[in-house]
């Protein structure tokens with residue numbers, strides 16, 4: 001090193017050189033060690049947790065996702081015995097660190113006192129640059145450690161122990177070298193080298209003695225803290241008061257399958273162990289509905305899946321107030337799941353663009369270093385030119401400086417070029433991530449979609465841009481910013497010495513720590529703001545979606561008030577965040593300007609003494625101003641990244657939700673389906689409440705099987721199991737002799753056509769909705785299917801015919817029209833198995849009979865196909881080859897229509913009630929028609945009789961208005977009619 005060579009040539013001994021080097025390196029090495037040890041400790045701690053709890057949840061693409069942890073109540077936490085410091089030992093560490101700080105403060109006060117007594121030009125005798133670096137760095141660094149222990153109440157850990165050890169080693173080196181140098185100089189009091197910086201004379205001995213005393217005190221306290229910590233942690237034999245055992249609450253690991261809501265918080269949903277989680281489970285389980293704010297041990301029997309502890313609560317998409325991870329590393333590590341979607345792995349052109357962007361970033365860093373240097377050169381040249389006249393104008397230096405300025409900054413040539421080149425990369429990342437999220441939502445099972453809030457889900461899907469923004473800012477703004485900061489510190493060290501480098505480090509570190517601590521304390525406020533924004537979106541979406549319901553109940557005022565409250569909640573949360581942001585900006589400015597003022601004072605003092613030139617002063621100020629750019633950016637960026645990460649949490653948690661129903665590895669598809677169905681002793685539960693019990697039946701190809709029974713008897717559950725929304729708890733469901741669990745889900749669903757009771761249509765044309773079932777079908781096939789569903793003529797009556805738009809969810813069509821479109825759509829799918837869930841419930845009797853005649857009797861829908869029908873109107877299933885009567889999840893009767901009537905059981909009773917109700921309704925309609933006819937005849941008779949026959953006309957009218965009683969059973973004897981009336 002040049003400085004070391006200069007010292008040796010000036011007559012320094014080896015001990016003096018080592019002493020001065022140790023003083024300079026001491027604060028920088030401690031700070032660097034602290035950063036490295038803190039980062040390594042965080043990584044190791046998170047990896048240690050992973051050794052205990054291996055994440056079994058994977059996101060799209062099969063990437064493993066980290067375990068999510070939540071804050072839990074004491075009653076629900078797992079208690080483990082851990083070694084914890086006593087209050088006395090904790091107080092000792094605080095006092096020891098405070099004592100170390102006070103020794104540095106005492107050194108500083110003593111030097112200030114000595115300098116005050118000396119003349120300005122003799123200050124260097126008592127306070128050289130090396131000693132200033134040592135004392136200033138010591139006060140700053142140990143002050144930060146003490147602040148963290150006292151104000152934040154941090155408990156000492158391995159990081160503190162390591163730093164105490166490093167500090168102790170350096171203090172011992174400094175003490176030893178100082179003693180050697182001090183002893184040598186005591187022997188040469190009368191012959192001190194006039195060039196030496198360590199001027200040991202009779203006046204300087206008290207100052208050196210005070211410095212020596214502070215060295216000894218620091219070593220003692222650091223040694224004491226190292227020994228005590230090592231004894232308490234078991235590193236050394238213990239002689240300190242015994243540590244105490246405490247019960248420590250450990251975070252509960254939560255897996256995020258579809259038993260967990262979107263954001264894993266105070267809400268979980270339907271718990272279904274029936275699927276094959278992550279593609280490795282063996283489908284057995286039960287669907288468990290959550291219990292509000294209860295912790296339960298959820299055991300999934302899913303092959304390789306292990307039981308996991310679940311916190312169950314209401315099923316919704318609310319973000320909990322939680323700390324998702326234990327450390328910053330574990331928190332950031334969770335976002336690695338997005339990398340496969342953001343990196344253009346299969347696009348070489350985009351990879352070359354990324355490489356070129358990195359080259360431009362490096363060039364920008366070089367320009368940032370060259371600008372202040374060139375400015376100093378320009379100032380020096382201008383100073384010399386001022387003495388020589390206009391002919392000595394430094395045009396070359398001026399144009400070089402202007403050229404460098406044109407390339408400096410994010411909006412300059414290099415920055416703009418990098419932004420332009422990055423456009424296709426960021427577009428690729430956005431498309432990949434958004435597509436993956438959309439596909440993932442569609443891959444989730446019925447449990448998830450039954451409990452979701454659409455507004456919350458859409459808000460989560462819209463956060464792909466936040467993750468993309470986070471990646472770009474981290475790559476091209478954070479990394480370059482850190483490079484700029486380290487380069488600035490190195491530049492100050494090389495050009496102006498360690499004192500300027502130290503103050504650049506102090507300014508940078510203080511600014512970053514202040515920003516991180518203040519922003520971290522406001523993370524919950526920002527999360528509250530994000531939650532309030534999500535709630536506002538959810539309220540708005542729910543209210544607009546339920547437009548008709550709002551009108552039915554005249555609830556406009558209530559909805560307006562509810563939305564107003566949601567907006568106010570968001571504004572209140574936003575105001576708190578804005579207040580905190582402005583407060584942080586103020587303190588950031590105070591820190592930077594204070595540090596800049598100190599550096600300016602030092603530089604100006606050295607200019608006055610002639611140790612620096614004006615050009616160097618300008619260079620220092622320029623680089624400090626340039627340093628303010630990345631620091632100010634970090635302040636705004638940290639808030640932006642925090643916002644992006646909090647928003648990204650939602651997408652990350654959405655990726656963690658796993659589908660219950662996935663294919664087993666290597667299962668084949670269903671080929672050449674014949675429609676032969678067999679259920680063998682099938683059981684199924686909802687939340688440990690039996691839904692189906694020991695169901696056994698068979699449906700031969702080309703036959704019709706109907707399911708009847710009271711609501712909640714299990715009819716819809718049969719359809720859901722058949723369509724593989726769930727797997728049965730026990731027993732088997734077979735199609736053509738194959739267990740459906742041993743077939744791909746997609747192939748099973750392709751073989752089944754469903755006409756649901758409530759039809760949902762896309763907000764597009766009728767033709768689009770019909771072709772959705774079979775995009776390859778011709779227009780003539782669509783017309784034929786619509787004729788079979790008795791909807792063709794109705795569609796043709798519309799102004800736009802088949803190009804008529806049906807509105808949101810098909811709301812512009814009536815219920816009967818939507819059902820007939822659904823029937824036509826199922827015909828076009830051409831499945832081998834057809835399931836009709838009250839497919840004609842919204843139709844009038846005449847239309848229903850037309851469809852039944854076309855579809856069932858003429859076999860336009862069911863020829864050669866297996867039909868499963870759920871019906872409440874028994875008249876629609878009299879043609880079925882098999883009717884199964886369900887009661888509380890069990891088959892209580894089975895047979896044809898005639899066989900079941902002859903049994904005089906539950907089906908016979910249902911038939912009689914419906915028959916009597918229909919007879920009563922028919923009689924009432926006949927009476928109504930007869931009365932209306934009599935009224936018309938009476939009006940005609942009154943008109944013909946004239947005014948002079950009004951009395952007779954009145955008698956005739958009264959006689960004509962008599963409504964004869966229909967010759968039917970009295971109303972009180974018709975239980976079906978009574979049921980309808982009531």
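Note: Cβ is positioned from N, Cα and C throughout, glycine not excepted.
Nobody curates TrEMBL annotations by hand; they come from automatic prediction.
Sequence annotations record features per position, and here TrEMBL assigns domain 'ABC transmembrane type-1' to 355-643.
The domain 'ABC transporter' feature in TrEMBL is assigned to 677-913. Averaged across the domain 'ABC transporter' (677-913), pLDDT for the predicted model comes to 86.
The feature region 'Disordered' is assigned by TrEMBL to 273-293 (among others).
What TrEMBL records for 939-982 (among others) is region 'Disordered'.
Under 8 Å from some Cβ of the transmembrane segment (24-44) lie the Cβ atoms of residues 130, 133-134, 136-138, 140-141, 145, 157-159, 162-163, 166-167, 170, 174, 327-330, 498, 501-502, 505, 509, all in the same chain and six or more residues away from its ends. Residues annotated as transmembrane segment in TrEMBL: 24-44 (among others).
The transmembrane segment annotation in TrEMBL covers 91-111 (among others).
Feature annotation from TrEMBL assigns transmembrane segment to 131-149 (among others).
Residues annotated as transmembrane segment in TrEMBL: 161-182 (among others).
Sequence annotations record features per position, and here TrEMBL assigns transmembrane segment to 210-232 (among others). With a cut-off of 8 Å between Cβ atoms, the residues of this chain six or more beyond the transmembrane segment (210-232) that come close are 83, 85, 89, 92-93, 96-97, 99-100, 103-104, 106-107, 110, 156, 160-161, 164-165, 167-168, 171-172, 174-175, 178-179, 182, 238-240, 243.
Packing against the transmembrane segment (500-519) from elsewhere in the chain are residues 27-28, 31, 133, 136-137, 140, 144, 485, 488-490, 492-493, 580, 583-584, 587-588, 591-592, 595-596, 598-599, 602-603, 620, 624, 627, 631, 634-635, 638-639, 642: each is 6 or more residues past its ends and has a CB under 8 Å from a CB in it. TrEMBL lists 500-519 (among others) with the feature transmembrane segment.
Within its own chain, the transmembrane segment (586-605) is flanked in space by residues 499-500, 503-504, 506-507, 510-511, 514-515, 518, 612, 616-617, 620-621, 624, 628, 631-632, 635, which lie at least six positions past its ends and keep a Cβ under 8 Å from the stretch. Taken from TrEMBL, the feature transmembrane segment covers 586-605 (among others).
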